[in-house]
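Colleague: The structure under discussion is supplied below as structure tokens; questions concerning it will follow.
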């Protein structure tokens, strides 16, 4: 494993921890898109169906379990434990517009036409756009709490680092996965506007807001 993947995983874990602690400590999921979290749960569930059949390393298996467990823990807190604080009125993105196209694309463009491979490919495509409901929600409300901004920034850094991971693997291992690279580029581009606002506002102590 190279340093970019490791740092990407650390950034991803940091984002998850920030989100879970934010909800649990504040006893509120205000400002968090339940729809984005549902999409992430679908992503990790479909990607890691090989959890108990394909062992690569203890690290790999542990990370898979953490991602799956944390995604469902987040959903439980949003839709059950702290349901009264969930801002469903602003979380209105039509997720079917993300799920259906990515599912169709996974059937058409994949590495191998087998159930597990199609589901893995679907998870890659869906993850690239899963943050859209959250960004849409921030845009609709006009602002985001600082802690939510930190969560989004950590997620964006995770994806950017994974792009460097693919470059490193191509350079030193000769490994090239066009599907993962293109999806990663799409996801990183979606964060670009947010990155700019985060650096120019949040890091200067101001509240982040996206143009409506």
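Backbone N, Cα and C define each Cβ position, glycine as well.
Residues or ranges marked as topological domain 'Lumenal' in Swiss-Prot (evidence: a curator's inference): 1-4, 53-58, 111-116, 169-178. Under the heading transmembrane segment, Swiss-Prot lists 5-24, 33-52, 59-79, 93-110, 117-135, 150-168, 179-199, citing similarity to another entry as support. The site 'Interaction with the K-D-E-L motif on target proteins' feature in Swiss-Prot is assigned to 5, 117. Taken from Swiss-Prot, the feature topological domain 'Cytoplasmic' covers 25-32, 80-92, 136-149, 200-212. According to Swiss-Prot, the feature region 'Interaction with the K-D-E-L motif on target proteins' maps to 159-169, an assignment based on similarity to another entry.
For each listed feature, how buried is it and what is near it?
Modeller: The average per-residue pLDDT of the prediction over the topological domain 'Lumenal' (1-4) is 90, rounded to a whole number.
Listed in sequence order, 161, 162, 165 are the same-chain residues at least 6 apart in sequence whose CB falls under 8 Å from the CB of residue 5 (site 'Interaction with the K-D-E-L motif on target proteins').
Beyond the topological domain 'Cytoplasmic' (25-32), the same-chain residues lying 6 or more positions past its ends with a Cβ under 8 Å from any Cβ of the stretch are 19, 77-78, 82, 85-87, 134, 137-138, 141, 144-145, 148.
Long-range Cβ contacts of the transmembrane segment (33-52) within its own chain (Cβ-Cβ under 8 Å, at least 6 residues beyond either end) map to 61, 64-65, 67-68, 71-72, 74-75, 78-79, 86, 88, 91, 93, 95, 98-99, 116, 119-120, 122-124, 126-127, 130-134, 136-137.
For the topological domain 'Lumenal' (53-58), the DSSP counts in helix, strand and coil order read 1 helix, 0 strand, 5 coil.
Sequence-distant contacts of the topological domain 'Lumenal' (111-116), counting only residues of its own chain at least 6 positions beyond either end whose CB sits under 8 Å from a CB of the stretch, comprise 49-50, 179.
Within 10 Å of the C-beta of residue 117 (site 'Interaction with the K-D-E-L motif on target proteins') we count 13 further C-beta atoms, all protein chains included.
If you look at the transmembrane segment (150-168), the same-chain residues 6 or more away from its ends with a CB under 8 A from one of its CBs are 2, 4-5, 7-9, 11-12, 14-15, 18-19, 22, 131, 134-135, 138, 144, 176-177, 180-181, 184-185, 187-188, 191, 194-195, 198, 202.
Residue counts for the topological domain 'Lumenal' (169-178) under DSSP, helix first, then strand, then coil, are 6 helix, 0 strand, 4 coil.
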Colleague: Does the structure show the transmembrane segment (93-110) and the transmembrane segment (59-79) touching, where I'm treating 3 or more Cβ pairs under 8 angstroms (sequence separation 6 or more) as a contact?
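Modeller: Result for the transmembrane segment (93-110) with the transmembrane segment (59-79) is no.
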Colleague: Same chain, outside the transmembrane segment (59-79) by at least 6, Cβ under 8 Å from its Cβ: which residues?
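Modeller: Non-local partners: 1, 9, 12-13, 16, 19-20, 23-24, 29, 32, 34, 37-38, 40-41, 43-45, 48, 51, 86.
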Colleague: Quick test of the contact rule: Cβ under 8 Å, at least six residues beyond the ends. What residues does that give for the topological domain 'Lumenal' (53-58)?
Modeller: none
Colleague: Over the span of the topological domain 'Cytoplasmic' (25-32), count residues by DSSP class, listing helix, strand and coil in order.
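Modeller: Grouping H, G, I as helix and E, B as strand yields 2 helix, 0 strand, 6 coil.
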